[in-house]
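Per Swiss-Prot, these features apply:
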type	residues	note
TRANSIT	1-28	transit peptide
REGION	1-261	region 'Interaction with PEX7'
CARBOHYD	N284	N-linked glycosylation site
BINDING	G447, G448, K449, G450, C451, G452, K453, T454	ATP binding site
CARBOHYD	N855	N-linked glycosylation site
CARBOHYD	N1096	N-linked glycosylation site
CARBOHYD	N1142	N-linked glycosylation site
REGION	1542-1563	region 'Disordered'
COMPBIAS	1543-1560	compositional bias 'Basic and acidic residues'
DOMAIN	1714-1896	domain 'VWFA'
CARBOHYD	N1833	N-linked glycosylation site
Amino acid sequence: MQSRLLLLGAPGGHGGPASRRMRLLLRQVVQRRPGGDRQRPEVRLLHAGSGADTGDTVNIGDVSYKLKIPKNPELVPQNYISDSLAQSVVQHLRWIMQKDLLGQDVFLIGPPGPLRRSIAMQYLELTKREVEYIALSRDTTETDLKQRREIRAGTAFYIDQCAVRAATEGRTLILEGLEKAERNVLPVLNNLLENREMQLEDGRFLMSAERYDKLLRDHTKKELDSWKIVRVSENFRVIALGLPVPRYSGNPLDPPLRSRFQARDIYYLPFKDQLKLLYSIGANVSAEKVSQLLSFATTLCSQESSTLGLPDFPLDSLAAAVQILDSFPMMPIKHAIQWLYPYSILLGHEGKMAVEGVLKRFELQDSGSSLLPKEIVKVEKMMENHVSQASVTIRIADKEVTIKVPAGTRLLSQPCASDRFIQTLSHKQLQAEMMQSHMVKDICLIGGKGCGKTVIAKNFADTLGYNIEPIMLYQDMTARDLLQQRYTLPNGDTAWRSSPLVNAALEGKLVLLDGIHRVNAGTLAVLQRLIHDRELSLYDGSRLLREDRYMRLKEELQLSDEQLQKRSIFPIHPSFRIIALAEPPVIGSTAHQWLGPEFLTMFFFHYMKPLVKSEEIQVIKEKVPNVPQEALDKLLSFTHKLRETQDPTAQSLAASLSTRQLLRISRRLSQYPNENLHSAVTKACLSRFLPSLARSALEKNLADATIEINTDDNLEPELKDYKCEVTSGTLRIGAVSAPIYNAHEKMKVPDVLFYDNIQHVIVMEDMLKDFLLGEHLLLVGNQGVGKNKIVDRFLHLLNRPREYIQLHRDTTVQTLTLQPSVKDGLIVYEDSPLVKAVKLGHILVVDEADKAPTNVTCILKTLVENGEMILADGRRIVANSANVNGRENVVVIHPDFRMIVLANRPGFPFLGNDFFGTLGDIFSCHAVDNPKPHSELEMLRQYGPNVPEPILQKLVAAFGELRSLADQGIINYPYSTREVVNIVKHLQKFPTEGLSSVVRNVFDFDSYNNDMREILINTLHKYGIPIGAKPTSVQLAKELTLPEQTFMGYWTIGQARSGMQKLLCPVETHHIDIKGPALINIQEYPIERHEERSLNFTEECASWRIPLDEINIICDIATSHENEQNTLYVVTCNPASLYFMNMTGKSGFFVDFFDIFPRTANGVWHPFVTVAPLGSPLKGQVVLHEQQSNVILLLDTTGRALHRLILPSEKFTSKKPFWWNKEEAETYKMCKEFSHKNWLVFYKEKGNSLTVLDVLEGRTHTISLPINLKTVFLVAEDKWLLVESKTNQKYLLTKPAHIESEGSGVCQLYVLKEEPPSTGFGVTQETEFSIPHKISSDQLSSEHLSSAVEQKIASPNRILSDEKNYATIVVGFPDLMSPSEVYSWKRPSSLHKRSGTDTSFYRGKKKRGTPKQSNCVTLLDTNQVVRILPPGEVPLKDIYPKDVTPPQTSGYIEVTDLQSKKLRYIPIPRSESLSPYTTWLSTISDTDALLAEWDKSGVVTVDMGGHIRLWETGLERLQRSLMEWRNMIGQDDRNMQITINRDSGEDVSSPKHGKEDPDNMPHVGGNTWAGGTGGRDTAGLGGKGGPYRLDAGHTVYQVSQAEKDAVPEEVKRAAREMGQRAFQQRLKEIQMSEYDAATYERFSGAVRRQVHSLRIILDNLQAKGKERQWLRHQATGELDDAKIIDGLTGEKAIYKRRGELEPQLGSPQQKPKRLRLVVDVSGSMYRFNRMDGRLERTMEAVCMVMEAFENYEEKFQYDIVGHSGDGYNIGLVPMNKIPKDNKQRLEILKTMHAHSQFCMSGDHTLEGTEHAIKEIVKEEADEYFVIVLSDANLSRYGIHPAKFAQILTRDPQVNAFAIFIGSLGDQATRLQRTLPAGRSFVAMDTKDIPQILQQIFTSTMLSSV
């Protein structure tokens, strides 16, 4: 209905100033309108007769309202009505007036923005009504609405709050933000709204006016007052303002509440009205631009755009934007739009495209960057009616524009004056833009963390002369914290203290709201009115008004400032401005979308782009002038490469390399120029604790940026450098020194038991460097690595007092800073350690920082960064004392104050919060790791000085391995030094306890987790900690008795038959011809050494493998013993190569000689290489000799040089035999008995000369002989035993000690005769000469000799062994010329005789001669001869009992012990693989193992599969080892006293299931109930003899061990059968055959461990997601510190308790994560499965996914598809049909197998990946994962890897990973290089596939939950 506006002024009316203003106002309204337009609604003001109180009437159209004169005119809104009211607003006002006349309450509903509020205020201004305004937030409670208690003079009073005041005084109550209030708070008002009645806390009762007036007729006012009845004014009205909730977030309206309001939709102003308004503002802007701008904005507010998920455009900010454009008409509009609506950081890709489309549609795209503001040119101060302003000149394009902006009270500084601020181009531009916004509105600055927002804001404030008020916001901040807090006055009265924000508003400061993205939107709502209207109502009833409104009020009421302040009305300073700082919203995530439609209306947004590289270099260079240039360039190109990658992993790494962090690194580099950049970066990223994916991505990127680990830093630095020392007031740690602090408070300096070790000293040195640079430190590490100890030691050395504070779950911001407590009714604050440390300059140690919620620890940021912090009692901490000048309540930070924060590493299994992620970049981070083995050993020695060294070494090694398993994620618990130290302390105190029982103190935690237990036991066994062994499990070889010795006769020297005494042999001397050196590559490989005595004690004490090719053949081994180091050399001959290793070390080395030994021309060439290690001074050099080609090589293993030595005899060797000559190839031999003395002897078989090679002198001596040689034994240095080839006649060659070059020394050859004992008649029995296999080159000691031949004797002797005798001793040989006696222990039958027949069939031809290796050693120190025999030569019947089948072996070690006259046969386990060349093998040795001496009392064997084993054979040594071993196990079987074991004495009958108890009561013992605990025979937990475990959920009572052991066998068997039956039953239920069950078990069992650990992590996630929160304002629970005062006043709801937090209002449903596994089921998988089992591994991986995610469907939804030649989308597991049991899972595995068997060939990896990525995003989910398994031979199908890389990263929402199953050659690794880091894996070994999957899950999926 159209109405007319009339203006009728009664002449001479005295309506007072108010009515005069109203008339003027209405007159203006009318004058603006063109006359004669009669279709408009009108507002009229009518006067009644002169002087009447309620004289004036307001008419809006046909609705009129009588004005009343307000009692408190200062409460009437001022200055809200604008000159020209838009038609739509007039319509709204008319409607409100109608409702007002009806006495109804109204609800103005509509989109966010100030419009609804301003309409309400305009109405109230028009009708002269007093207003009570309350902004509801989630912190509003009943007391804020009704009555609050205050204490006055020791008595609690009730003070009426807004609703009650409004009702009694007849004001209008405006409730803003109903959707913000928590549920069930507002119903308090229901009755007041409906019946105008309310019961108050103080006993009064509000009653509606009509009823009150009725009562008043019958009763007097006095009576009613005595009944405490109060009249509600008939003028009381409520206006509620709210958002429509389904569209915006918030709590929906309560139906009873809703029904009490009349609603009116207040949408944005209509297009025309809005356009008119904008035209009036922006006179300089072309009309076309304005209308385009408005059209754009209106489009984005339409229904369609909200269905796209775009937030509403803030239409209300348009006026401000047009105001800027009015001053800068040349500025592109698109640019201004970005400020109002920062769509580029707010929206995902699709949203951006939509907005860009609308921009194009309205031709707003033309943003020439040349028209953007460039910089601020100058700033001048000016005063305009007492308001300080600045005129700022901004250069835009090439014009300069001057604008007026509000300024602060301090002096202005020119834009580039600050020395701490470095101007870069983008920053200048940003400042200019901020200046433009500052002209009209508050600013919100958005930028990543550490990019300099605070610095920019501060510089901006300096430029305009503002004082800054930084306010750090945190997550659980309440509205009270923002506005006013309660405190007590000294007399005990309660009062309100204004917050810094309110003070700043009054004083005209610039407020920095730091971290506005953290605060709950419901809390920020209280600031809306301050930001939009510059008005604020506080809790204590005071009101802050905008300055012009305040002035108007002052002038109208003719009051002074003091009088207004008495009425608690204050002006807001016109210069007051807010700058909010925030981190960009997380695009696409539901949880972190703080930038909503409501927020958009409050600020102008400026995005602070990360610095570009050149600018960042400029900043760093100017801040740190002498930073090394090269390092800086590398660092920045690396960082920017990370920042530009889309990959989330790279992004998170880049986040920890913020500008702030780069500056820190640069400062350190400039201070310590030889620092290593690699370690600086890894330290900043804390790479030690990154998930494995992120770590590998970081390593890859570092390698690409050529940032290497310094190789010249030797891994173990010089030990002498690293120590801490204090000299004359200076502390030196390593290379860094610092002055020692002079502490006042000595008792606060920590003093701690600390044993220095190198690694901790290095950490402390590193800390000291940063400490001296003024950094605050953050130490991150696993538990028990000594973080606290290091810090205490560090402070002790520096002599700094420390304050200690430990955080935990319930730490709040208040408890961090102050502890409030009540004393005598006053509230008193006690300083927390933090404040004390700040005041006194102590070091604050914050322990367990990751346990507190991150929203609490955030407040440390401003303290560390800016040195500012506000305390709960109103004091503030400031950094520089210059700012203090006379302000009270200020604490200045002491210059010596520092913070050291300790936290556990982020991520599983530590259930802390990610402290490092949120605050890592403001501290200097140090990763503290467990000490390296030798540091740890050093430390443990000090903890356990009496603990035997080997035990410490074992512990260190075993724990080292466990830690590396924890790093790989195979086990969850990271074992730390703390655990080892505890073990060592125990052993130190109780030395008799066995190690294996003491380690259980640590490992019993894991005893119920079978997978974990298995890993632990294996690891401990590997290092020889015999956990689980019993003292009785000793399994030494059985001893057989040696036959009696027999006297064999004499060896006599000389007296040749011909009568010749001796033969002389001439000698020639030559120099060696040396070729070379050639540098040779020596590869290192790790040794996995297993201590073998884990479960039982045997002769074998350790073993390890060398990485041998399957076809390779070991042909010789040798050991060298140099100063305590035993080195083992192993030579192989196909191809020729050498392995050598220190027998105690961690790594071995490998040299390949394939291309060095010459291949001879004849077809079949079987090289045979022997090795001789040389001794000191040629330590580390070895001589290698090939027997057929007689090539001699000298290899220097330390210098990596190879020489070839050419002997003179070689120069004229006979013609080479070709394959058609059937003659035998020649064989050359090397005698190496004295190689440790650096000389060797070479001879040719059947040759007649010997060549002595003296390596040290570089000479050879050739001795010519009159005989042809068969073998040579060097029995002493100067006496050699020779055997002639045809007759086996022995000779003794003596040579002078040193053959001189003159040739004077001549060698003499004697015949050696073996004479049998004389039979008395001169008849000698003929003996066949046997060739010894081995003759010792030294003699037995005389005790050994005496006990061997059983007569006291001292004489030279040699011990030898041959095929007929176990051992032979020759007494007197070789030094005495008299006949030597020969004693033998004869074998029952000769060796090698039997083997001739039975091997001839399966080894091909008959054996040619004897094998080349005799495998025989003499151990003189233990009086033993040791050799290896094939099983056929061993008396197995004597060793093993009848019914035992002998094990498969590589051979037996035969130990002939002449001391105890015993024989032992020790089996060598058979080798895992054998070379297929069996004939070749048989020429080398007749067993599959070779033997050498290990040390004085043991031997080493190497089998043909490359397995090296160390054996102890000496009896004394074995006895000693057995003692140690028994000590390690401890005496578990000692009987303890005071134990009373009550045996129940009952027998066990047959097992049964037992009765099920209907009430499920716990049953203990008895013999009846099923599911009981601890009974016998019935199924249950922990009983004896029960059939299977049945858990009814009660505590378990254990039957004592002895009783368990007493269960008879047949009962056990029955129990097992019953268990079997239950299993059968389960199979039957899911219809699975046993064969199927076994098949499934094959796949499932292989991944059980991974499934298990994944499920543990998933469970923890579930738990973490379900973590309870603190619920405030509770009536029961723990006292909430923030509400102590409310408690004093006697309020009820002052407690807090833990509870499930309601999901935040309007926050969307948590969606599950989506995973799609794309597996390769192509034909090649089936085809190559035989080679590497890839198909089975893939099936295992699928099985793992299905099992791990079972029952987590609401968190993770997965489906599995396959790709093959048949297609790219073969459904295996659809999302809605997840397999439920093993049978269904097996079906899926079978399908995979069958598919790959029968599908077409071809490859659809790319299509499959692309399709999966496209499809998966179609459904909404929290996160998307696509994992592709493929054996893609990409090049074969012509697919370019770059194409694949592009597909993997095509959608930033999807985390896509590819796992390639190792294909041919290095193809897979090449592929990985082209694919993005951390996104692709190569599983060369298919066993890794499940492992890799597990890695992906743990490091990505779980990181973000």
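Here the Cβ of each residue, glycine as well, is placed from N, Cα and C on the backbone.
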Counting other Cβ atoms within 10 Å of each residue's Cβ, which of the binding-site residues G447, G448, G450, G452 comes out lowest?
G448
Please report the distance from the Cα of G448 (ATP binding site) to the Cα of N855 (N-linked glycosylation site), rounded to the nearest angstrom.
17
Taking only the recorded positions K449, G450, G452, K453, N1096, which one has a CA atom nearest to the CA atom of N855 (N-linked glycosylation site)?
K449
Ten-angstrom check, please: count other Cβ atoms within 10 Å of the Cβ of N855 (N-linked glycosylation site), all chains counted.
19
Looking at the binding-site residues G447, C451, G452, K453, which has the shortest Cα distance to N1142 (N-linked glycosylation site)?
C451
Compute the mean position of the Cβ atoms of G447, G448, K449, G450, C451, G452, K453, T454, which form the recorded ATP site, and then list in sequence order the other residues of that chain whose Cβ is within 8 Å of it.
L581, E583, M608, S658, T659, R660
Distance between N1096 (N-linked glycosylation site) and G450 (ATP binding site) at the Cα atoms, whole Å?
60
Please identify, from the recorded positions T454, N1142, the residue with the sparsest Cβ neighbourhood, meaning fewest other Cβ atoms within 10 angstroms.
N1142
In the structure shown, which of the glycosylation sites N284, N1096 has the fewest other Cβ atoms within 10 Å?
N284
If you count Cβ atoms within 10 Å of the Cβ of K453 (ATP binding site), leaving out that atom itself, what do you get?
22
Work out how many Å separate C451 (ATP binding site) and N284 (N-linked glycosylation site) at their Cα atoms, rounded off.
36
Fill in the CA-CA distance, G447 (ATP binding site) to N284 (N-linked glycosylation site), as an integer in Å.
33
Listed in sequence order, residues with CB under 8 A of K449 (ATP binding site) and six or more positions away:
E583, A655, S658, D921
Tally every other Cβ atom lying within 10 Å of the Cβ atom of C451 (ATP binding site).
20
C-alpha spacing of N284 (N-linked glycosylation site) relative to T454 (ATP binding site), in angstrom:
35
Under DSSP, is N1142 (N-linked glycosylation site) part of a helix or a strand, or is it coil?
strand
Between G452 (ATP binding site) and N284 (N-linked glycosylation site), what C-alpha distance do you get in Å?
35
Take the C-alpha atoms of K453 (ATP binding site) and N284 (N-linked glycosylation site) and report the distance between them in angstrom, rounded.
33
